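The next block holds one structure in the form of structure tokens; read it before the comments.
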Amino acid sequence: MPSKKRRRKEERPKIHPKNKYSDNPPDFALLASLYPTFKPFVFYTREGRPRIDWTDFNATRELTRVLLLHDHNLHWWIPDGQLCPTVPNRSNYIHWIEDLLSSHIIPRDNSNEDNVRGFDIGTGANCIYPLLGASLFGWSFVASDMTDVAIEWAERNVKNNPNISELIEIRKVKCSQNTLSSEGLSVESSYSEEREGLPSSSLDMPAGEDKSYNGPSILVDVVRDGETFDFCMCNPPFFESFEEAGLNPRTSCGGTYEEMVCPGGEKAFITRIIEDSVVLKQSFRWYTSMVGRKVNLKFLVSKLRQVGVTVVKTTEFVQGKTCRWGLAWSFVPPATKIVTPHVTEKNILSFMLEGIQRQFGAIHVLRSVESFFLAGGASCKLNASSFVVDITASADHCNALLNNDVKHIDEVASCSNVQEAPSNLCFRILVFQQIPGTLLVKGSLQHRDSALSGLFSSIVQQLEASLRQKFCKEKTGTNYI
């Protein structure tokens with residue numbers, strides 16, 4: 001039993017590999033030496049390790065300020081009591097959005113791939129997602145919020161960064177008469193890490209009674225007629241009450257009632273986003289949201305299946321002891337490619353795996369893809385975080401794959417260093433979660449001018465047959481898209 005627990009812990013998802021802090025976490029000692037205003041908040045353990053007091057709002061705010069300045073050249077501040085985001089955690093979400101957009105599973109109407117436009121639901125005074133998205137990738141944003149304080153400080157944070165200020169529009173949401181007021185409530189209550197540090201026992205709490213969201217508009221009546229976006233993103237109010245928000249006394253990152261609480265919590269709030277998406281449909285390529293409780297994720301995925309979305313994707317964000325989930329969906333038909341044995345000029349080929357047995361998921365299929373090509377002697381580089389396998393195969397490897405002349409896995413370790421060369425076939429296989437029981441597998445040819453490119457479609461067909469035989473309940477009726 002102990003060994004199983006250790007193995008499960010090792011396989012836990014980590015920080016996004018493209019995140020600036022994945023290999024280099026913030027160095028508190030260095031930051032303290034460079035920024036005198038941060039130095040008073042840093043202390044050292046007996047072992048000499050620099051630390052800050054996570055229960056001190058001023059410390060967490062100053063850390064966020066210096067990280068944004070030091071690593072992103074962003075000038076930033078928020079007043080007391082407003083939600084203070086942790087930069088590494090929010091960067092994870094931004095990089096996942098970039099993964100969704102670069103996957104090309106949902107096509108763009110606009111051929112200008114560089115002009116990405118996002119919508120941040122409830123941007124808050126911190127305006128962290130638009131600031132990061134604009135500075136990292138040059139994306140433009142509409143950032144919405146309902147409170148005067150949030151609007152005022154979001155605009156200040158945008159204006160204080162003139163190099164990206166033209167990319168970000170702050171949009172006020174009109175409050176209805178039914179909107180709950182936070183008057184009389186203290187907004188300085190400590191609670192979980194960055195509104196994202198729920199007590200670990202709460203992640204699988206019962207969903208409780210269903211409650212409908214009755215707050216201000218989220219997307220409908222905020223998105224203007226004729227507007228289109230590549231994505232929306234949201235860090236929803238996770239909690240149903242202000243008392244629930246303060247369950248974890250170990251951290252303090254501020255947060256107002258409006259930022260943290262709504263009747264029905266995140267379940268009701270994200271359900272309203274789903275309902276709005278049914279109305280707006282293809283106005284967005286991707287609708288996304290952060291989810292704080294796994295039990296709510298399962299409910300929301302089920303809800304998406306009911307409304308007839310074309311694609312559903314989920315991911316898990318891990319930052320320290322904090323675990324969150326990302327949920328994405330679309331109403332845009334996925335990009336399709338017709339594959340036949342006679343069509344060899346295509347450099348992107350896709351097929352669906354339907355009826356996958358319940359015990360298998362995308363990671364199992366991804367590892368099986370790697371095993372399939374390793375067994376043929378090809379070189380493979382697997383990225384479990386992005387669900388990608390990069391393959392390099394020589395002519396001999398291609399022939400082995402097409403003729404089922406495979407080796408045992410323990411015999412092919414020496415084949416993992418095949419060098420890229422013009423004569424080799426280089427391609428990428430990506431695995432996308434659609435809905436439970438359905439996966440999309442996409443092959444992308446990296447060097448179309450290779451002499452072996454004509455074998456690409458045949459190899460993809462061979463891979464599809466192997467995966468269907470291993471994972472699908474129905475082994476017949478192969479359909480390529």
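Quick reminder: no glycine exception, Cβ is built from N, Cα and C everywhere.
Database features, via TrEMBL:
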- 1-19: compositional bias 'Basic residues' (COMPBIAS)
- 1-23: region 'Disordered' (REGION)
- ARG90, GLY122, ASP145, ASN235: S-adenosyl-L-methionine binding site (BINDING)
- 185-212: region 'Disordered' (REGION)
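Features recorded in TrEMBL, as mapped to the structure shown.
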residue: ARG90; record: S-adenosyl-L-methionine binding site; Cβ neighbours (10 Å): 25
residue: GLY122; record: S-adenosyl-L-methionine binding site; Cβ neighbours (10 Å): 23
residue: ASP145; record: S-adenosyl-L-methionine binding site; Cβ neighbours (10 Å): 25
residue: ASN235; record: S-adenosyl-L-methionine binding site; Cβ neighbours (10 Å): 27
Worksheet entry | Site diameter for S-adenosyl-L-methionine, Å, by largest Cα distance between ARG90, GLY122, ASP145, ASN235 | 18
